[in-house]
Amino acid sequence: MARITPITQYRNIGISAHIDAGKTTTTERILFYTGVNHKLGEVHDGAATMDWMVQEQERGITITSAATTTFWSGMAKQFLSHRINIIDTPGHVDFTIEVERSMRVLDGVVMIYCAVGGVQPQSETVWRQANKYKIPRIAFINKMDRTGADFLKVVNQISTRLHVISVPIQLSIGSEENFQGIVDLVKMKAIRWSEHDQGITFKYYDIPKDLLQLANKWHMNLVEVAAEADDELMEKYLQYDDLEEKDIKIGLRKRALNNEIILITCGSAFKNKGVQALLDAIIEYLPSPKDSYKTKNFINQKDSIKNYRYADDKQPFSALAFKIASDSFVGNLTFFRVYSGIVRSGDVVLNSVKDHTERFGRIVQMHANKREEIREVRAGDIAAAIGLKNVTTGDTLCDVNHPIVLEKMDFPEPVISIAVEPKTKIDQEKMGLSLNRLAKEDPSFRVRIDHESNQTIISGMGELHLEIIIDRMRREFKVDANIGKPQVAYRETILNKIENVSGKYIKQSGGRGQYGHVVIDIFPLKPNKSGYLFVNDIKGGVIPGEYISSIDKGIQEQLKSGPLAGYPVVDIGVRLHDGSYHDVDSSELAFKLAASHAFKSAFKLANPILLEPIMHVEVETPEEYMGDVIGDINRRRGIIEGMVDDMIGGKSIKAFVPLSEMFGYATDLRSKTQGRASYSMEFLKYTEAPRSIYDSIVSTQ
């Protein structure tokens, strides 16, 4: 089957924003104008297409990144039909993993900002994630119809808070209840959309006289920005003191794709104004898979040399699995992005990360939670597969004869844990199954058994994250459970190097005995980076090679539950350099236990400490409560990083606060500010816990 849409007419984009910036409403308007939906869905009445989970409809927030495909030929039908694959991502910081894995497979992002609230905390988090993957982006300043809307103030805030050159390609005509349309600064025309057909039709007008001077100023600004794209455009600009429309677009596109600028549009999705022009901007200024840097420079699995793959159907097949989702009818759905080549249902491919083959069963095109079965997918496509058995998020799928490993994703470590106890024997059986399925979907969610208390402990990125998991367990899997209080996920490590610690396991009781003897050094590694390092320095065969992996395994088992208080051990290196063995009695088990004893003894001598998670907290508060808020942060062992004015005359306070001090903060903040302040927090790093915390935790173990 030949390709229907040329790859240059593809746009793989994400829609991302702070919570409540109007992101899902904007996506719903995109689906309406592109003909996917024939009626408008609203978030406030729970009818949004992309928010299909019950939890999303109840809370009015987006939890999972829903995917859909649509087509657009321009407001004035001026383009060939372009295929737009859209991923709508969450705005709540507890679901950062959903944003992260979407960013990994996208070519461009639309960042949505509220015309009243401006750049809010989660906007900065998402911006950093887009920077990490070098994704070109354009901004849509939404809610221009709301009281307090100020387009140019938000433009300025984007420049100052996100450290980027912001280039408006539109101006708003009026604001608040007088918002009527936009000025297109490239064409130098005003655009107004019809209120009789929900904005499907539009007309160009002359720019209103009261806006003409401002429009000329910003038009010249974008001409200068476009001219700086290359020498040829700069020559034209210097010769004519202006550029033609097509040259402006070439220059702006070039600089946007190089991440030198962010182009800014505006509108009101709710009032059906501006989303249509945003769609045109997506086609004109965001990259196709051919333009995207991610299509080349991956690592060949076998020889670790750089290998190139381009977004081309003729190249060997390569794809990245970026999300696993449970489906009540078909089991696991594996969402994947094809970078090169073609794959058809029934094809056998290599999972190059796990080094085993997989057969593609059915391939489906997703629209939120609806599916359409298709026979094949090609370079640039985003689809879901049914029937892949052992694929996890971040795995590379590729041609069996041309192995390649694509750039992996980084997943954050969970920072908060709670105990869950099933209420009945039947619940107990179902709970293990349901939690494992949910953990397979979400790499930032972990499940473990505490062997001392025999409790099931679940860990995640925040209280809301775990609340949603428990809610899904109850609704989707019908599991009833008692929930414990949130616990901080501490870590254990050491400060000093300790050498020549011996560990022995000897058992002689008639017949064949057990004998293992190891001598190790342990040493600290750089914090928050390295995890664990095992160095085998055995010389002269004092311990046979077949026992080395058992020694490593014995140490790694101890890392899962540290000697201090049973928390995971991190940032530690172990050097094995001596020991002895017995010809008859030595075994893998004996060396594993000997290593375990040696590690425990060495750890206790190496000045062990507890590490606690530190959160980056941002509080937005009216100025009159600022003193109370800062005082409260200080009482919670917080360190104030800085303060800036926010868009609505208040203060935005940034601080570093230990997670253990943040439980119940939402309630305390509401009461201190009469409900007028809000906050967000995200994990920053682990640092040494104070002695008082250390003593209270270690003494209870």
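Don't overthink the numbers, they just go from 1 along the chain as shown.
Just so you know, glycine gets a Cβ as well, placed from its N, Cα and C.
Per Swiss-Prot, the feature GTP binding site maps to 17-24, 88-92, 142-145; the stated evidence is sequence analysis. Residues annotated as domain 'tr-type G' in Swiss-Prot: 8-290.
In the three-state DSSP scheme, Asp20 (GTP binding site) falls into the coil class. With a 10 A radius on its CB, Ala17 (GTP binding site) counts 28 other CB atoms from all the protein chains.
Averaged over the domain 'tr-type G' (8-290), the predicted model has a pLDDT of 86. According to its DSSP assignment, Met144 (GTP binding site) is coil.
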